[in-house]
Amino acid sequence: YLFPQTLLNPLYFPLKPLFRTHKPHCTVSSKNPIADFFPANKPDPEPSFIPSFTDDDKPREECGVVGIFGDPEASRLCYLALHALQHRGQEGAGIVAVNNNVLQSITGVGLVSDVFNETKLSQLPGEMAIGHVRYSTAGSSMLKNVQPFVAGYRFGSVGVAHNGNLVNYRTLRASLEDNGSIFNTSSDTEVVLHLIAISKARPFFLRIVDACEKLEGAYSMVFVTEDKLVAVRDPYGFRPLVMGRRTNGAVVFASETCALDLIEATYEREVNPGEVLVVDKKDGVQSLCLLPHPEPKQCIFEHIYFALPNSVVFGRSVYESRHVFGEILATEAPVDCDVVIAVPDSGVVAALGYAAKAGVPFQQGLIRSHYVGRTFIEPSQKIRDFGVKLKLSPVRGVLEGKRVVVVDDSIVRGTTSSKIVRLIKEAGAKEVHMRIASPPIIGSCYYGVDTPSAEELISNRMSVEEIREFIGCDSLAFLPFDSLQKMLASDSQKFCYACFSGKYPVMPKEVKVKKVGDFLDDGLNGPMDSIDGGWVRGPKNIDGEKEIDPLYQQSKI
């Protein structure tokens, strides 16, 4: 490679894929994008429409990434791996493949199966590919923010897929724009591409190192160039990233091991926190650089909620972790009951652990519909708890006349939990006892998880007894924080508990976007300053005593 010592400003990255598979659902181009999206005389979407039927009272992992090197069907394998990671993001998907030194990209809005078909995959030949699935709470104008991104500059092209969140994004972007950089998206990932392009380091992987040294926050990324696949994980290792290998020698990187399993790749190891792995034909896999890294702070919510139970995350079985969480709850918060049920699907394994330890039968008291679409029209005659009833159906034969323990993974706002309790009682349950397989969530996440601001978190505003009264159950218990740490034993210090403690390993220096699907990150156009009503300022002290939010939701949608 030949790399420039300087680059002409302004920088311009044409982040448009070579193949467009979907047109944006709407175009917003005013100076006040939120006003256009929700006009002043109609502050909310049409009330007869329910915009989303995901678990709206759960934290949301925002991304899943895949990288494959050395397989003639790289894009197809990437497609399958993204299927396995679909739980990490359902609003957008994309693949970039390399063929004859050309990076070709297809991205689209929707599920992986909505975006790709045989015709589109045939347009992505080559032995190297990266892929991405993305979560967002709104999908109206987000196509241009669907990854992977492809950037072209004087000395080549680079594609990137990113899982995480940069806490110094605005500072970096402002600095780049002051020097003439032009941004084509509102994603923090584009900052990484600009930093790579202006770096004077050589060879290419050192440009990535140089760029990453300026980043603060969470990032697990895969990059692709004309002849290299690069994987990098932030120094704290907030978000997971694993490496595996297929029998033909192809190297695979993915957010979870469940993606390796589907494409018959053998799990080898994690990408270590602060590690940069470079794969090419000449040298194979090389760990060419380790960024300076402190003690790891891996996201504990991967084991509580995000990851699939059949994955191994941070070297631990997710299934085994959740089973033990349930056992701890049965030991430390026992209650006389007749049956144990789960809030599907994420509460099932913890419920099995609770039932086994308590010696009480586990049964399916709630049946989840897997066929609920993205938008439903509610009848004019309002149906109470309409959204929950579409997703969950109680089994009267299991619940009627019974003392029921309901195991769920977490409580965020408490709104869904109250509806579930009411649903179970309406089905005839004599008593409803909620057991939550995580400690109370009191802090918002700044490392790539879509959580509400602290003021919206019910555990940050109420005591356990007050929450119990709010959701209407007969008893309520959370997984004790001390017991969680004790269960993790020697690995305890390697996890991030900011959402439970308010103590942030990397202090958020800036504001974060919430509501309307993260205004900026959904591709709404307009100057940064025009959306300050949607930003939430980060906490100001590391002890977690209080999150000061002077900008908190000046415009609540």
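If you go along the chain as it appears here, the first residue is 1 and each next one adds 1.
Backbone N, Cα and C define each Cβ position, glycine as well.
Just so you know, TrEMBL annotations are computer predictions that nobody has curated.
According to TrEMBL, the active site, nucleophile annotation covers Cys63. Listed in sequence order, the residues of the same chain lying 6 or more apart from Cys63 (active site, nucleophile) and placing their CB within less than 8 Å of its CB are Arg88, Gly89, His132, Val133, Arg134, Tyr135, Gln147, Ala161, His162, Asn163, Gly164, Ser255, Gly448.
What TrEMBL records for 63-282 is domain 'Glutamine amidotransferase type-2'. When pLDDT is averaged over the domain 'Glutamine amidotransferase type-2' (63-282), the result is 92.
According to TrEMBL, the feature [4Fe-4S] cluster binding site maps to Cys299, Cys445, Cys496, Cys499. Neighbours of Cys499 ([4Fe-4S] cluster binding site), defined as other CB atoms within 10 A of its CB across all chains, total 29.
Positions annotated as Mg(2+) binding site by TrEMBL: Ser346, Asp408, Asp409.
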**Message:** Counting Cβ atoms within 10 Å of each candidate's own Cβ, which of the binding-site residues Cys299, Cys445 comes out highest?
**Reply:** Cys299
**Item:** Surrounding CB atoms that lie within 10 Å of the CB of Ser346 (Mg(2+) binding site), all protein chains
**Value:** 23
**Asked** Quick one: which residues besides Cys299, Cys445, Cys496, Cys499 have a Cβ within 8 Å of the [4Fe-4S] cluster site's Cβ centroid, in sequence order?
**Response** Phe238, Ile300, Phe301, Tyr447, Val449, Tyr497, Ala498
**Asked** Among the binding-site residues Asp408, Asp409, which residue has the largest number of other Cβ atoms within 10 Å of its own Cβ?
**Response** Asp409
**Message:** For the C-alpha pair, I'd like the distance in angstrom between Ser346 (Mg(2+) binding site) and Cys299 ([4Fe-4S] cluster binding site), rounded off.
**Reply:** 17
